[in-house]
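Notes follow the structure.
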């Protein structure tokens, strides 16, 4: 099963991706994870990506496409995958369709998690992370036990640069202009299933899994 997961930043795609890949035993291909690995290892690509993300901008198509196809051509993707964070633009979607066609493959479904702007800003700007152990928190729904201190390792938690409200609004604007049109692009191929991302997490999962099991 070859799937794409769409939705604005803060829609809960990561949570749903984990549940879907467990249910259908396919790998989760997250461009965000690939980029973060490069950033952590301070590769040349990682430094470019870090600068762009800090400004709420997208990584250029040619870099992203190269990384994605290198991953999709690996053995564990032979029977399917869940793409999260790619494609983000119409040219990327066209490049993906072209690459799949060359390999005699096609997409099965595009899952779209829809969340309103106010909810997204509240979710994202409330995030806090531990710079030491990577634990994540939220000031409203998952706060630290001691204010501002990581429960696991007692390091002061921080707000990531791309979770600050101004950057969040920029990220949403970029999503609306560049990625949201993908819903129309894939609707023309009759592939899109949209779910309300403000519903309880388990309810969202149930709707996605039920839809995918329809075949």
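Yeah, the Cβs are placed from backbone N, Cα and C, and that goes for glycine too.
Your range for region 'LID', going by Swiss-Prot and the list 126-163, 164-201, is 126-163.
Here the binding-site residues are 10, 12, 14, and the one with the most other Cβ atoms within 10 Å of its Cβ is 10. With a cut-off of 8 Å between Cβ atoms, the residues of this chain six or more beyond the region 'LID' (126-163) that come close are 53-54, 56, 171. Put simply, residue 14 (ATP binding site) is 11 Å from residue 31 (AMP binding site) when counted between their Cα atoms. Counting other Cβ atoms within 10 Å of each Cβ, the binding-site residues 59, 153 show the lowest value at 153.
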